[in-house]
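Listed in TrEMBL for this protein:
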DOMAIN    237-326  domain 'Ig-like'
DOMAIN    513-602  domain 'Ig-like'
DOMAIN    702-791  domain 'Ig-like'
Amino acid sequence: SSFRHYNIFLVEKNDLEVVIVVERAPHLSLARSCGFSSAFALNMGSPRKGGETAGTFTIQLLQTTTFQNTSFADTEGLGLLEDIELGYFDKHTWSIHFCQPWVRPALPRADWDTIENLIKNHLREFSLAFNAVAMQMDVPYPFVVQCIAGCVLYPNGTSQGFACVGYNGQDFLSLNIKHVTWILSQDTKFSRYVQSFFQNSTVFTELVEIMFNETCVDEMKIFLHYGRAALERQELPVATVFTHIPSLDQLLLVCHVTGFYPRPISVAWLRDGQEVPPGPALNSSPILPNADLTYQLRSVLAVAPRDGHSYVCRVRHQSLGTRSLLVPWAEPLVIQGLLTGLFANISSAELSAVALVGDIPILTLHPANWSIHFHWPWVSQAAAEGDTKKIISQYKIALRSIISFVHDTVQQTEEHYPLVVQFRAGCVLYPNTSQPFLNIGLGGRDFVDFEVDKQRWEARQISQVAELVSKSLNKDKSVIVFLEHLLSIWVCKSNFLALKRYGREILERQELPVATVFTRSPSLDQLLLVCHVTGFYPRPISVAWLRDGQEVPPGPALNSSPILPNADLTYQLRSVLAVAPRDGHSYVCRVRHQSLGTRSLLVPWDPLVVQFRAGCVLYPNTSQPFLNIGLGGRDFVDFEVDKQRWEARQISQVAELVSKSLNKDKSVIVFLEHLLSIWVCKSNFLALKRYGREILERQELPVATVFTRSPSLDQLLLVCHVTGFYPRPISVAWLRDGQEVPPGPALNSSPILPNADLTYQLRSVLAVAPRDGHSYVCRVRHQSLGTRSLLVPWGDLTTLDKEKAEVLKDFCASLFNVKSSSYAAQVEKGKCRDWEHKDPRPTERIGFKTI
């Protein structure tokens, strides 16, 4: 059609594509103002006998005239039956062009000639009238006039005509069908003049009589008969579910439904089988037209990442009959490679890389010789197939090209060494689609991205450097085509299929969760119910507390830890609920996980739990036996060994009654005193110490890693992750320019958590401003280190100022058990080296790393 006044919508197809959708809608607001907006809803029914079709139908003529000046007016027109284009008026030849093969045969040639002549006469009169009025009223050019006219046929056989005129996008005039009079929509001198002209024009009066007597309805019935197949056409919807991640604490589930006809459709989200009600978390786009006379829309649901619920997009449409189209959302599988390059100066570049499938490392790149280490035998099998073998054989060439490009870019821009460049490439695999990605970061921030569908690089920073790099990368079209093929075909398809085929056992591994419920009593008026869930795989899990069978909603009383990794490639977390002691409710911890199928793991908390604790605290020169009884998670009665009597630890009749009862049997009291003081604290302890010395005195060195997170552009989180240490007591602190950072809101540490190998781990997180100019070092003190401290700096070690160099010099000297004033112990490229003894000691031995 040549009708070019459209609404334009930008519709995101996925993260990497934007589709421009054009909709014929300039007259829609006019139609609604006339009270016939319901005519746009297609209400299809079953065919009537005699070839008629049941439902409400609308036929309408749309006209748009643009008055450029007093001598030129550009007019376009379109005829519609529902949303089907019947024909358009060619503005160049002033003739009707038919859009459907069945339209011309529907009416005799003489009728079409009459209609065409009426339209031509109307348009001539229309243009002359508006130009004359515009000149008389000094109406400024250019301006646009829109008209819509037609009739509606209802299922009961009644009909209604309508006509409206718009001026510059605003309602102007509307037709009172009953009295055949024009009504002002805006009362101006200009509108009154046009109203008078229409009312007195014989051409318009004749056209109105034809449109709104039986002719309009009769001809519509003919079109309904001839166009029955088009009106009853049904196209099945195609639904795709994918995600957007606008922030770390929110996930947008997007259900994109397209290709359906007719227009009416129902799209809903189901959470655990129940329809999600309307609310701020649920949003749907309008139904938009496609170029092939079908429609599309999106339904977007905002959820919390890994909330443990199941989500399904349900689509209902006339073409599906009584069935529903159900498209589940599953946690996507991500295949990605992460490459980090530290460029200290023009002649230095250190590269390290790792590839992961989900959370499983499959290969690493050795930073010294660039050799590839496969973590699993099945990965090397997959790598030996077809294109994978060829691509891997060329990876060193790609690494050299990356280094060369970075150095060239630094020379062309105002960037300065040292700098860190990060590359992230891979594919997000959804149940029925995939999404490749390639991102480059500079200094811990997004820098440029490769838009795969557009086959072009886009800057992700508002900076001259990012713009320059994106333009430079876009010049080589052959590389761009190769990258698109590499990501879309190799990574997302052939490579993934090979990995999935060889590594199915590992990738589809499922480990059942083990849940334990216990209590903590931070105060007399509060009880903390703790549900500890561990040993599960894969990572997504749902842990909730049920109060009297109903799920406890989110709130200040409910807190959950992040999901943390165990050493055996499983995960753990805790959910803590604060309650009032003896509040009379029942509480159950409910766990849902993929390994459980449709079942749930239910672990009740029993408030009548009795706990016994007996043993001995051994100091260097004395000991202290103890025997305690707890009831409902709180201290109840204690055995005072020195006094040889039981004491109540609760102000309650029950505690007093139990302590008195236990104090009656003196022989048992004497036995308990002997058991605890002599056997537990002395003979038993000496035997255990003699036979278990190796285990009891075991010490494991801590391993510390420093990395960063960037929650926002103006904040950087320095994370010091310390793991593998034993025994449990440890001190982890951050040093800023050599001085310990005091406690405050910027400093947070996790609790000390157990690993599966009987060691411990924790994290210390410091919030700083990006590039604040300070040096930061994570200091770890632990029994296994003796008097030394483990220092892990964040940043570059090869460009240290004098003060920092002295600090690290002292540290390096301590490795040789010498004084720094006596020996020239220095730091060189991440290694401590004693120049006098020529004894290089890689600091990696004690967790000292260059980031």
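Every residue, even glycine, has its Cβ placed from backbone N, Cα and C.
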Looking only at the domain 'Ig-like' (702-791), how are its residues distributed among DSSP helix, strand and coil?
3 helix, 54 strand, 33 coil
Provide the three-state DSSP residue tally for the domain 'Ig-like' (513-602): helix first, then strand, then coil.
3 helix, 54 strand, 33 coil
Mind looking up the mean pLDDT for the domain 'Ig-like' (513-602) in the predicted model?
91
DSSP-assigned states of the domain 'Ig-like' (237-326) in counts, ordered helix, strand, coil:
3 helix, 52 strand, 35 coil
